[in-house]
Amino acid sequence: MNKEQVSKKIESLIELLNQYGYEYYVLDNPTVPDAEYDQKLRELQQLEQDFPDLVMENSPTQRVGGAPLASFQKVTHNVPMLSLGNAFNEQDLRDFARRASNGTDQPISFVCELKIDGLAISLTYENGKFVRGATRGDGTIGEDITSNLKTIRSIPLSIKEQGTLEVRGEAYMPHKSFLALNELREKNEEEPFANPRNAAAGSLRQLDPKIAAKRNLDIFLYGVGEWENSDLTSHSEHLTRLKELGFKTNKEWKKCNTIDEVIEYVNYWTEHRNDLSYEIDGIVIKVDSLDQQEELGFTAKSPRWAIAYKFPAEEAMTTLRDIELSIGRTGVVTPTAILDPVRVAGTTVQRASLHNEDLIREQDIRIGDKVVIKKAGDIIPKVVRSVVEQRNGDEQEFHMPDECPACGNELVRLEEEVALRCINPNCPAQLMEGLIHFVSRNAMNIDGLGEKVIIQLFQENLVQTMADLYRLDKEELLQLERMGEKSVTNLLEAIEKSKENSLERLLFGLGIRFIGSKAAKTLAMEFETMENLQKATYEDVLAIDEIGDKMADSIVQYFAEEKVTELLSNLRELGVQMEYKGPRKSEQATDSVLSGKTVVLTGKMEKFSRKEAKEIIESLGGTVTGSVSKKTDIVIAGEDAGSKLDKAEKLGIDVWSEQQLEDVVGK
């Protein structure tokens, strides 16, 4: 064969093998024996070996390969991967349905799906090619695990879809694979994984993709982050179209027209969850209409149009051996139960929450008691009650100390608070917890500065304040345990990079009481610089939407403290930037025809890419959304605009051509 013939042969083998793989891994309905598949694969491998320049990206041979990575790169999700609010009973579900119905004028239907117990991931395709796979991370920033995801054979390396498509799903380990993996680990005298979720997450975070390839992972796709060329109008249409494109979706989803149908679905799977070949930990319920999803919108943490029903928590009994106290960054003293190890909901539990002194006293929980442990939402273990009838008289009552176990200062109970608190600003436990918070992902996001490293730096007296982090030098760090040349270099680079963070990250990292990440962003947008915020009065802060009196009081008191002024001065001198880097109110166009308008883009654009058009509209003060609703002001229609244009015309929404957008830009 000449090279052109070889190229055609390779193309036909890839097409055939990918079809066989789709039938086997996605449809679970193979049409050829394994031996025939293997023979065709060997033929392809030989041709690719003889003609390496003809190897194609969507070849099944490209699923595993390449050297192990040094580390995972960070990935920013264009559309955040938010977590869902939780429902634990029928009333929670009915309340969710009522809130959703109150938020829209039209009748609501729901889609119910099994909540797969695995690792949330994102897959991005550009013009049909799989270009990136990432973990959810904190919802805004994840890790690039493309090489590992390529080893999952139910993930297509190419699809027939132009433009950008980002799909979301759950990578998981089937029961059969989990049992086989743990058998192998025990045979090799390795620690077995506690549950399939941990096994799946651990496999996908291996730097060597060949390890992930051996773990027999699978995936279900359940949603869309971005879809450049879609005119679909419902979540159920998304699921159907994803399946048509070759993605593996879970067949057990159901469209429900009433909340009673939803509850019936939930009850069925609560009873039958153990019949499945994979783990589920609940049911996800979503409003089906994309327009209604748009209307309902989001809170800071989750969409208002979806909720996760969590199965009833599992319980187990064990012995409470001791009660330890920990001090948080705000000085709150939290008791934790130390337990004899016990298996609950697939994991081994040795510590559990006791919340506060009042709970211990009210429930008469004693050291030495037999106690019932429950995993709330199958995640956080907590002590539910003591088994009083099993007491033998040796149990000891627990009393909270009068002094802080970390610094010896008197513990106090502030007005209207249940918890005891240490109010010593120099308490070492609070300082250390504050540093751990400062470097965390939602705050300054300093890679390589995990809890263990912070504790080590604190105990070695190298870091006592946030400013000290920016004074660390290479020689000091090299003296620490497990800190080699490369890890020290990477750490110092990460610390240096964090100096360029936008103001909201620094504000959140400072740990001001009552100020979460959303409030920090609101303050940063409003005041734009740390200096402006430091000068702000109580009235200035309270005047901002979403900032209440407790927050305003906390902010003003915080910046009035001398040690805070000194800390911020030190951070400035060390090069930490203190300005908001997002779109500023003072820079937003207010005289533009698009200012304050909600805009939808549809159809194919000739002069602008979707991304360029979106950036232009936002720079002129507009907001771009994905679907047409009564809240839409303008629809900009390119060629083949489809159903979004039809809906805009029915609703009487202003429709622009691409030329009209260009004319506005020209002005």
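Every residue number used here counts from 1 along the chain in the order it is shown.
Keep in mind that glycine also has a Cβ here, set from the backbone N, Cα and C atoms.
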Site-mate of Asp34, Ala35, Glu36, Tyr37, Asp38, Ser83, Leu84, Glu113, Arg136, Lys286, Lys310 for NAD(+) in Swiss-Prot, selected among Glu4, Glu170, Glu244: Glu170
Candidate nearest Leu84 (NAD(+) binding site) in space, where candidates are the recorded positions Lys115, Cys404, Cys407, Cys422, Cys427 and distance is Cα-Cα: Lys115
Averaged pLDDT, computed only over the residues in the domain 'BRCT' (589-667): 82
Cys404 (Zn(2+) binding site) to Asp38 (NAD(+) binding site) - Cα separation in whole Å: 67
Reduced DSSP assignment, Lys286 (NAD(+) binding site): strand
Nearest of the recorded positions (Asp34, Glu36, Lys115, Arg136, Lys286) to Cys407 (Zn(2+) binding site), judged by Cα-Cα distance: Arg136
Within the domain 'BRCT' (589-667), residues counted as helix, strand or coil by DSSP: 28 helix, 18 strand, 33 coil
Secondary structure at Asp34 (NAD(+) binding site), reduced by DSSP to three states: helix
